[in-house]
Each structure stands twice: as structure tokens, then as C-alpha cells.
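Scroll down for the structure; my scribbles are underneath it.
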Amino acid sequence: MSYKISRAAYANMFGPTTGDKVRLADTELFIEVEKDFTTYGEEVKFGGGKVIRDGMGQSQVTRANGAVDTVITNALIVDTWGIVKADVGLKNGRIAAIGKAGNPDTQPGITIIIGPSTEIIAGEGKILTAGGMDAHIHFICPQQIEEALMSGVTTMLGGGSGPAHGTLATTCTGAWHIERMIESFDAFPMNLALAGKGNASLPAALEEMVLAGACSLKLHEDWGTTPAAIDCCLSVADEYDVQVMIHTDTLNESGFVEDTIGAIKGRTIHAFHTEGAGGGHAPDIIKICGQSNVIPSSTNPTRPYTVNTIAEHLDMLMVCHHLSPSIPEDIAFAESRIRKETIAAEDILHDIGAFSIISSDSQAMGRVGEVAIRTWQTADKMKRQRGRLAQETGDNDNFRVKRYIAKYTINPAIAQGLSHEVGSIEVGKRADLVIWNPAFFGVKPEMVLLGGSIAAAPMGDPNASIPTPQPMHYRPMFAAYGKSLTNSSVTFVSQASLDAGLAGRLGVAKKLLAVKNTRGGISKASMIHNSLTPHIEVDPETYEVRADGELLTCEPATVLPMAQRYFLF
């Protein structure tokens, strides 16, 4: 006998279902549930008097015979492939199934078996996303890693060796330092990966860094991003299947943007802070986002364009690049990089899917814990200023949300050769997952999982009688300790370094995994929902930006969501 229940009552008990809408934090972004995998009346939920009990929603099936390790029940998945409600089963640290959980002996349509060994995470009324990936990290201090984890980032790729002046400005790690850094990674609950320096005109030193464990190479103007260095670096990358990230020549000393495009020779490359405030050919590096072989990304200090963006950038730049305010040439260098016209255009290029990735540039002009926040602030600003996207098919913002979440999950993973392991909620991938209360979406996660184990969560007083009394703050959980730490996260390296015996030589506890498919197999077209290649023109005097002839301009925001309302200090 069926029982009717109101939508409001159903959502309160089991979370939103097909056709229901959810607001993301305090933004103007609204998502609509596209599909619900449940069977109405057969939902599973944990708790006193609830369904997941012996002989009811819990079966007698052992783990060995198919029961999963963990089920996240009734979660609203937000990913590039869909916005759907489902149970998610985790096993052996990976996503085992997305569908309907329960007891196949008593319930129909079960695709995820709950057994006595199964742990439950209540996803009712929560949003589930893939862990974020930050592909532009300056490893200036190890404390960044905890900050990033608590913001919902589960994979960090970058370079450096601490607060050395080379690392303060660039993400280029030398061969000996790569090995020392990989050894240190056993201490951190985070998937980690290193870039070697790409600035050399002969290949031997670059090959040395790849064999030491670099999974990518970084060309940075502070080390001399000349056409010869660009060509040499890309040639080594093609041979070893590692990605190249580029920060081009702001001063145009060794050539202009056209010369850099010529030196790249149509090969795949990941262009950092492609707008230019973070560095690159002044004033028109932004042109390269129209190249089919260039994967363009932003760093978060220019995300989004606000009334404060220009003012804060000059001082940041002077500190990060070891410049002196008493030297006129240094000031001129800094000022040449900061242009309100190109920053405004960057907002729009993200919204139309011409810029593909957002990362932090941690402590080197960027904020490591604000990748998600700045991404969604940009999306909100663009909706308010530009309205609905043409691709939207319903009374919702589903397409825009899919476009923007791709920028810090699957797209950086594809660009850097990690997407076979991380970047999306798909069966077979690592269970690096983030659970959000919709009111705090993108700002403060409710739980962060690494390899299927809980690594971080807000937690109250450990001496309290329940978990919620103040002081409530983020704390590392069990996956952040002991052997669970090294079994729950991994280090990404080059295949060549594994073939050369890196794991045995270093003796690290974390598993070393190889990146793959970073070269000719990918391009701008591989960037999900963010593959547009418009023809870009920049006026050399006014810095106005046009895409396919259309002027790209917008006003700076005076107020942002996901800001002071969420942060007391």
C-alpha cells in the first residue's frame, strides 16, 4: 500500500528529489535535481527506528561476497556529468557504485549491497562533489596542505622546497629537492605531485628532474622563458609524457606572444594565469586562450573582478617576485601586469567556457584555501551581470554549475594526466570526496574523504558528551594519521621515474602513481564544458579585449557572496 508525502516532508527526511531545487550557499545559483536513483518507499537511512537495520536495509552479505565498505546515502551529486540524487558505495578506497543501496534479500532494484561491515555516512540533504584539485601550488610551507584539505581540495600539484626565494616566486623543483619533497609527502593527508623546472635549452637537466619524480615541468619567466627553453622543455615532455605549465615573458624581452606561440609549435601546454596579472606577455598574453593546443587557467587572486582587485595586486606582486619599491624599473614591471580591462575580460571568458581551469598560486599571489570560493564567486557574479547561459534548458543554473565545477575538479586532472584516478565522481576512481551542507557549499565542507576514509571534518569539543559543542573547528580525522594516512593518499610521479626504480630508491610509504596522457592525446577540446577557442584581440593602447569581435567588459563587483557572512574573523 502506497503512502503519499509532501515534497517538503520528503526533502526534509530524504533530501531533495527529481525536480527539486537547491540554492548554493548565499549565491544566486540554483541547481535542480535531474534524476533520483532511489525507489520511492525503499530509501535507506541510518538511525534509531530507521531502515538500515539487520534484516531490513542491512543484509547478511559479507564484504568478501560483495557488501561495500561505506555507503553515502541519498546524496545530491554535483558533477560535470550530472546533478543527481543517489546512494554512493565505496570499497577498497574507490567508488564502487552509484545507484540504490540496501538489502537485495528484502528490497527491489538494489545495486549497492549494505552488509554488517558497511559504514554509513548520511548524505540526506547534503551535496557530494569530487575533491578539488589545485594545479598551481608553490610549496612554500607545509601548513598550506591542511588549509587546502579543509577547503575541500584533495589533490595538490606544484613545485618548490619551502620558503626559498625561488619557491616564493616559482613552482620549479630541482632533482635533489624533488626526492626530498617526495619523502616529506608521507606526512601529509593529501594527494601530491611535483613540477620540475622547465627552463633549460638542453634536455639533460630536464630529463634528470623527470627521472627524479617530477610529473610535470614548469616554464617560468623568472628563470627565463625563452623560445629555446620552451621548445626544449616541450620536446622532453613529449618524450616522457609529462605536462608543461608555462608562465611567459611579461617584459617581452625574448619575444612577444606570437613568438611564444611559434615556439610551442602546436604542442599541448597548460598556460598559467592566462589573463596576465599573474605574469605573462604584457598586455596580450590573454590571446593564447584561443589556441586549440593551449589549456588556459586562472589563479584565484583575480577571481572574480572586484573593486579591490587592482589595489591589492601591486603589493602582492612586489613581494612575490622579489621586486623593490625603490627601483623604478621594478615598479614599472609590476604595473605592466595589472590591467583592469583584461581582468574584467577574464570573468567573461570563464563564463563562456574559454578559460578552462582555476587554481590558487598559493602564497605567491593566491590563496590556497579559496579555490572553490573564488570559482563560485565568479559564477555568481557572471549570473548577476550576464544572466542565464544560453545552454541552460530548465529554470535552473545546472549547466553553469557544471561548467564551473569542472574548472577545479576534472579539467585540471585531465590537463595534468591524473583523470584516470581523480577529478570526478565515477565508478573506479579514488573515493576522494567532499560532503557539503548546501548553505555552506563551496565555503566550508562538512566532511572530506581521502581514499574512502574520513580525513578532515569540523568537530566540537573532544571532551563533550556529543560531537557538536563549541569550540567547533576543522580538525584532522583518522585518515590523517599513521599508516591510514599513507594508505589513503598517493603521490603522482612520471612513469619514467617508476621505471627507473624511484619507489625502491626512496623507500616511501605512500603509493607512487604515474601520470599519463598529458601530450598529444589531450588539447583544449578535452576540457569539459570549457573548450571554447574564440579569436582574441587586445588593443595595445586601451587593453580592451575582444572575442570574435565582441568587446568583453564588465563592472567590478562591490559585494560578493560566500564572504564575510561566513567568516567571523
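Yeah, the Cβs are placed from backbone N, Cα and C, and that goes for glycine too.
What you are looking at is a predicted structure, and each value in this text was computed from that prediction instead of being measured.
Noted in Swiss-Prot for the protein shown:
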{"type": "DOMAIN", "residues": "131-569", "note": "domain 'Urease'"}
{"type": "BINDING", "residues": "His136, His138, Lys218, Asp361", "note": "Ni(2+) 1 binding site"}
{"type": "BINDING", "residues": "Lys218, His247, His273", "note": "Ni(2+) 2 binding site"}
{"type": "MOD_RES", "residues": "Lys218", "note": "N6-carboxylysine"}
{"type": "BINDING", "residues": "His220", "note": "substrate binding site"}
{"type": "ACT_SITE", "residues": "His321", "note": "active site, proton donor"}
Those recorded positions listed as His136, His138, His220, His273, His321, and which of them has the most Cβ atoms within 10 Å of its own Cβ:
His136
Between Lys218 (Ni(2+) 1 binding site) and His247 (Ni(2+) 2 binding site), how far is it from one CA atom to the other, in Å?
8
Going by C-alpha positions, which of the recorded positions (His220, His247, His273, His321) is nearest Asp361 (Ni(2+) 1 binding site)?
His273
Binding-site residues near His247 (Ni(2+) 2 binding site), in sequence order, restricted to His136, His138, His220 and a 10 Å Cα cut-off:
His220
The domain 'Urease' (131-569): mean pLDDT?
96
For the binding-site residues Lys218, His247, the one whose C-beta sees the most other C-beta atoms within 10 angstroms:
Lys218
10 Å Cα neighbourhood of His138 (Ni(2+) 1 binding site): matching recorded positions from His220, His273, His321:
none
In whole Å, how far is the residue listed as 'substrate binding site' from His136 (Ni(2+) 1 binding site) when you measure between their Cα atoms?
12
Hey, what's the Cβ neighbour count for Asp361 (Ni(2+) 1 binding site) at 10 Å?
29
Can you tell me the CA-to-CA distance separating His273 (Ni(2+) 2 binding site) and the residue listed as 'substrate binding site', as a whole number of Å?
12
Measure from the CA atom of the residue listed as 'substrate binding site' to the CA atom of the residue listed as 'active site, proton donor' and give the result in Å, rounded to a whole number.
11
